[in-house]
Amino acid sequence: MAQGLIEVERKFVPGPGTEERLQELGGTLERRVTFRDSYYDTPELSLMRADYWLRQREGSGWELKCPGAASVPGPHTKYMELTAEPAVVAQLCEVLRAEVPGAGGVAAVLGPLGLQEVASFVTNRSAWKLVPRGADEEERPLRVDLDTADFGYAVGEVEALVQEEAEVPAALEKIHSLSSMLGVLAQETAPAKLIVYLQRFRPQDYQRLLEVYSSKEKP
C-alpha cells in the first residue's frame, strides 16, 4: 500500500459548552465550513465490510480510509488515509480483486469496479486546533472537529495525524487526555455520521454492516 499519514481519532458527543471549553484550553478556531461528502461502494458494501471507506468531499477530492494495524484497544479508530488518486485506484483494485485499469482517476474506475453512491450528506463543521500543554514546537497540534450533519446528527472528533506506527500510542494518550478535559467519559463512543445515515435511510445496508462488525468483536 502506498504510504500515507496514519489518522488516529476518537469520536464523542459534543455538548453545548464544548466550544467554550476548547477556548479555555487554548484551542484556536480555524474555520467554520460547510461541505458535502459522498460515499461509494459496491451494492454488497464490499469496501465497508472490509473496513475501507471511499469518499469524495466537495472541493477536496477523493479519499480512501484503509484500516490501520491492530494496536491499543479502546474507544478510538486508526486509519491510513490515501488521497493520491493512483494510490486510491490501486488499493481499490486490490481490495476488490480487480485488474488495475489503464490510466485514469477514481471517477473513471467507479463503473468498471461496480462502485456506486451509497450516501451523500452536507456537514456544518467548526474546525479547531489545539497544541497539548508541554508539547514541543515541532509537534503537530491535535485537531477537534465539531460536526452537524444535514439530517440532524451532531458528533465531535479529536484527531491526531502521525507518520509512523510507533507514534500511535503517544497520540492516543494525547487524544484521551484532551477528551477527558472536554468532559468525555473514558469509554464513551459515538458512531460516525455515515453509520447514522445508513441506520436512518438505508437500514438494510446498516444491518449488513452490523452483522460483519458484531461478528468481528466476538472472541
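Including glycine, each Cβ sits where the backbone N, Cα and C put it.
Taken from TrEMBL, the feature domain 'CYTH' applies to 5-201.
For Glu7, Glu9, Asp145, Glu157, Glu159, the entry in TrEMBL reads Mg(2+) binding site. Of all Cβ atoms in the protein chains displayed, 18 besides its own lie within 10 Å of the Cβ of Glu9 (Mg(2+) binding site).
Applying an 8 A CB threshold to same-chain residues 6+ apart, the list for Glu157 (Mg(2+) binding site) reads Glu9, Arg10, Lys11, Phe12, Arg143, Val144, Asp145, Asp147. Among the features that TrEMBL reports, substrate binding site is placed at Lys11, Arg55, Arg57, Lys65, Arg125, Glu157, Lys193.
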Euclidean distance between Cα atoms of Glu159 (Mg(2+) binding site) and Arg125 (substrate binding site), Å: 14
Cβ within 8 Å of the mean position of the Cβ atoms of Glu7, Glu9, Asp145, Glu157, Glu159: remaining residues of the chain near Mg(2+): Val8, Arg10, Lys11, Arg143, Val158, Ala160
Greatest inter-residue Cα distance in Å for the substrate-binding set Lys11, Arg55, Arg57, Lys65, Arg125, Glu157, Lys193: 20
